[in-house]
Amino acid sequence: MTQVAKKILVTCALPYANGSIHLGHMLEHIQADVWVRYQRMRGHEVNFICADDAHGTPIMLKAQQLGITPEQMIGEMSQEHQTDFAGFDISYDNYHSTHSDENRELSELIYTRLKENGFIKNRTISQLYDPEKGMFLPDRFVKGTCPKCKSPDQYGDNCEVCGATYSPTELIDPKSVVSGATPVMRDSEHFFFDLPSFSEMLQAWTRSGALQEQVANKMQEWFESGLQQWDISRDAPYFGFEIPNAPGKYFYVWLDAPIGYMGSFKNLCDKRGDTTSFDEYWKKDSTAELYHFIGKDIVYFHSLFWPAMLEGSNFRKPTNLFVHGYVTVNGAKMSKSRGTFIKASTWLNHFDADSLRYYYTAKLSSRIDDIDLNLEDFVQRVNADIVNKVVNLASRNAGFISKRFDGVLAAELADPALYKTFTDAAESIGEAWDSREFGKAIREIMALADVANRYVDEQAPWVVAKQEGRDADLQAICTMGLNMFRVLMTWLKPVLPQLAARAEAFLNSELSWDAIQQPLLAHKVNPFKALYNRIEMKQVEALVEASKEEVKATAAPVTGPLADDPIQETITFDDFAKVDLRVALIENAEFVEGSDKLLRLTLDLGGEKRNVFSGIRSAYPDPQPLIGRLTVMVANLAPRKMRFGISEGMVMAAGPGGKDIFLLSPDDGAKPGQQVK
């Protein structure tokens, strides 16, 4: 079916320029690249762009820690990111940076238009300020005790223990992450974007039917709770663009970051000497299509602030947002300690790009669902699908064509009706690629791969080859098998670019979507070479181990007690809440006959007596001074039968052992039986 060529601009979210690309990032870039490659195969004009998000306090501070300029750091990071994306065959037309002349000019233009149109408001706000560093502190650069659950060492915007959200001014005993100083409140004039003015427009955009249902529903919740003005300014020192006519004030990173999409495209147009396409794609009444592939964590910025900024500055809005979920590994959040926080470059040292591209694609849909990279399932699926079903189809037929017929295919198909079954599926598979129902496309392709392999099993060319006078049948059967392989690889070309290139070299023919309607007949193919190798679990094990070693190599060296006794794996707040710690009075302390390690402690919990055996004798050779002391015990530990009697709990102590054991005691005023929280 002939399609009208469309003009399409596609972006991925801009990776932040202070860290390496990992497998979580790669989900989005692979998803977008598969979609883009399909659109290009169908003859559409696609511009696929990205850039590094290169501004903000974290980049400024990390560069200071490294002893280099922010410009040097983001330059090195950009090269690393581009190398990683190229290694995964992400086919960007341009990869730029938000720290660019194009982005500065466009940010200033959009801000000026918003200001002229009355959408920028000024007001004075109070913020936490680091008096030692001389800087205002973003929420994530303040830590203190959670005002809700009282957990220490929590960020200024939310508690990672109980999940509560709050403002940094609500923290108990806040400290600057930058200097350790106690921050003070200080006033500053800030600039705000009047987002509520665009509420009606945004609601109409939400109801247009273009957005994913889950995105539209979430936006409706935000509308119902009321849109707020958005602070788009930050005070010096700050790494970014200074706001015009506002010395010492800088654009907040989230203002110029999405403008980076425009900046990267402008840079691409300038490189091409193209003076018309930028306006053609970004003008208010543009008929070009604009799609942003993003993660679900940044929907708020892309569905509210970004279209409102564009509307208020007389530019076009996105055609749609394509939102995906997070990546887990082996059913859990990526973990550095378990070796499942895997960098893109580390993956490529152990596996090819096609393998991960295939696995992610097979699991993706148009919904905002999390994707689990189960490493054992990954090995099984790649071997079962790519090797056993697709590549094996070629290897089972190619040898006969090469050896018996000098590489020349038959002049006719053995089963034209079966071939038509394959080509007829192009429409539904194409629709699945187009609508981002990638898993559905893969399932349909693999079902047809099964059909193709059954055909070869039934025709048994290895048997026919031994039968006199059946050369024509053998050539026709193998020609049929290789043509079905060609069709399958054409459909998989957006997913497996490296394998597709090897298949094209073998078939001596480009894999083109429309070309499959005409089978390869009386056509000479090249000698068959192995197209893809099986993968093994030992490669996964090596990958995980390498990831662990990378973490060790980059981690700051641990000294002191933590080096000898590392912190245990993280537990949940619910797990911790199960432990009942109580203040206890030591009524009696005595030696245990037959043991040179234990003391027998009689503890008073405020009306309840407990008998506890504790291995602290080496540090307290005379137990008498312990009598009358307060300590802390685990009160709900199951009783443990010992040969000296039953131990009904555990007292808390610190230290490595031997003489260095220190019984914990609460401050004066604590009472026996009180819970330790």
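Cβ atoms here come from the backbone N, Cα and C positions, even for glycine.
Per Swiss-Prot, the features are as follows:
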- 15-25: motif ''HIGH' region' (MOTIF)
- Cys146, Cys149, Cys159, Cys162: Zn(2+) binding site (BINDING)
- Lys336: ATP binding site (BINDING)
- 575-677: domain 'tRNA-binding' (DOMAIN)
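Candidates Cys146, Cys149, Cys159, Cys162 (binding-site residues) were compared with Lys336 (ATP binding site); none lies inside 10 Å Cα-Cα. Cβ proximity to the Zn(2+) site centre (mean Cβ of Cys146, Cys149, Cys159, Cys162, cutoff 8 Å) flags the following additional same-chain residues: Pro147, Lys148, Lys150, Ser151, Gln154, Glu160, Val161, Gly163, Ala164, Phe573. Averaged over the motif ''HIGH' region' (15-25), the predicted model has a pLDDT of 96. Every protein chain shown contributes to the tally, and the Cβ of Cys162 (Zn(2+) binding site) ends up with 13 other Cβ atoms within 10 Å. Candidate binding-site residues: Cys146, Cys149, Cys159. Fewest other C-beta atoms within 10 angstroms, Cys149.
Neighbour density for Lys336 (ATP binding site): within 10 A of its CB lie 15 other CB atoms from the protein chains shown. Secondary structure of the motif ''HIGH' region' (15-25) per DSSP (helix as H, G, I; strand as E, B; remaining residues coil): 3 helix, 2 strand, 6 coil.
Note: the domain 'tRNA-binding' (575-677) comprises 6 helix, 46 strand, 51 coil (DSSP; helix = H, G, I, strand = E, B).
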